[in-house]
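Notes follow once the structure below has been shown.
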Amino acid sequence: MEWGNYSMYADFVLLGLFSNTRFPWLLFALIVLVFVISIASNTIMIILIHMDSHLHTPMYYLLSQLSLMDILYISTIVPKMLVDQMMGQRAISFAGCTAQHFLYLTLAGAEFFLLGLMSYDRYVAICSPLRYPVLMSRKVCLLIVVAAWLGGSIDGFLLTPVTMQFPFCASREINHFFCEVPALLKLSCTDTSTYETAMYVCCIMMLLIPFSVISASYTRILITVYRMSEAEGRRKAVATCSSHMVVVSLFYGAAMYTYVLPHSYHTPEKDKAVSAFYTILTPLLNPLIYSLRNKDVTGALKKALEKLFESPFFLYFPYLTKLILF
């Protein structure tokens, strides 16, 4: 399909995250480090939850799904960006841009819904502990996960075909490091205001539904915690919920800036910085926030390391084993 002198299916050029930095290779090394740690920490979370029977609970099952989403999420964007920087190339095909756009929307949407539904798990655990095995049964957990993935997929299937059908007849240079919706729409040579309004409403709904669940759940949780007579029970409840609230605040806050705030608040540099935060840093922070403040996870990790270091290979390095464990 042709529009003027431009082909609708021509390659795009990603200007990237490194173009305006004084020390691009230092930033490159930092992103490589963050990417490796993110993949490793989320993978370790999944393995620990699978291996340790004490972690076979609804909360940790949902956390394992969150880690899986984070692995796929960061892998959709960062490897392409790093390879481009190493090879000195910036082009991305129309098909590649479409695939990246769809995966990004699907995984981000799925994480929105999962974080919202995870608050229901905390609500049941604190407000109705005796009914927890029934209200958060295996079937309910499976329904929560399916609902999260389905909600994200619907978002991807709805927005991707519409976004990519616009004729992009500007310079085809995307002032971003991946194919994000606002950056793509700036290249269109037709009026996209109606679609942007529809997308704005869609994003509000995507944020409003999970946020309503979170608000209702944590309002009830705060009331229940306030009424608790035991200081220890109150402390555990606050510690568990605060981790979830930190993750929700980081992820939802960045998304609200990108998709809800008016254009007057946006600049390409700010957009790239905020996008880097929730596409690169959030997958790193999620496992750290949930594991470092959780004695069950740290205990499971220590037991796994002890089993590992009891293997024949590490028996030859007793001092190294003690140093790592203690």
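Every residue number used here counts from 1 along the chain in the order it is shown.
Quick reminder: no glycine exception, Cβ is built from N, Cα and C everywhere.
The transmembrane segment feature in TrEMBL is assigned to 25-48 (among others). When Cβ-Cβ distances below 8 Å are used as the criterion, the transmembrane segment (25-48) is approached by residues 17-18, 55, 63-64, 67-68, 70-71, 74-75, 78-79, 81-82, 85-86, 280-281, 283-284, 286-288, 290-291, 297, 300-301, 304 of the same chain, each at least six residues removed from its ends.
The feature domain 'G-protein coupled receptors family 1 profile' is assigned by TrEMBL to 41-290.
For the transmembrane segment (60-82), same-chain residues at least 6 beyond its ends with a Cβ under 8 Å from one of its own Cβ atoms are 14, 16-17, 28, 31-32, 35, 38-39, 42-43, 45-46, 49-50, 92, 96, 100, 103-104, 107-108, 110-111, 114-115, 117-118, 121, 141, 144-145, 148, 177-178, 279-280, 282-283, 286-287, 290, 296. Per TrEMBL, the feature transmembrane segment maps to 60-82 (among others).
Here TrEMBL flags 102-120 (among others) as transmembrane segment. Beyond its flanks by at least six residues, the transmembrane segment (102-120) meets 59, 62, 65-66, 69-70, 72-73, 76-77, 144-145, 147-149, 151-157, 159-160, 178-181, 206-207, 209-211, 213-214, 217-218, 244, 247-248, 251-252, 255, 279 of its own chain at Cβ-Cβ distances under 8 Å.
Taken from TrEMBL, the feature transmembrane segment applies to 140-159 (among others). Within the chain, the transmembrane segment (140-159) has long-range Cβ neighbours (under 8 A, six or more residues past its boundaries) at 58, 61-62, 65, 102-103, 105-114, 117, 120-121, 181, 199, 202, 206.
Sequence annotations record features per position, and here TrEMBL assigns transmembrane segment to 197-216 (among others). Under 8 Å from some Cβ of the transmembrane segment (197-216) lie the Cβ atoms of residues 109, 112-113, 115-117, 119-120, 123, 155, 158-159, 181, 248, 252, 255-256, 259-260, all in the same chain and six or more residues away from its ends.
Annotation source TrEMBL lists transmembrane segment at 237-261 (among others). Listed by sequence, the residues of this chain that lie at least six past the ends of the transmembrane segment (237-261) yet keep a Cβ under 8 A from its Cβ atoms are 108, 111-112, 115, 118-119, 122, 125-126, 180-182, 199-200, 203-204, 207, 210-211, 214, 218, 221, 224-225, 228, 271, 274-275, 277-278, 282, 285-286, 289-290, 293-294.
Marked as transmembrane segment by TrEMBL: 273-292 (among others).
Per-residue confidence over the domain 'G-protein coupled receptors family 1 profile' (41-290) averages 84 (mean pLDDT, predicted model).
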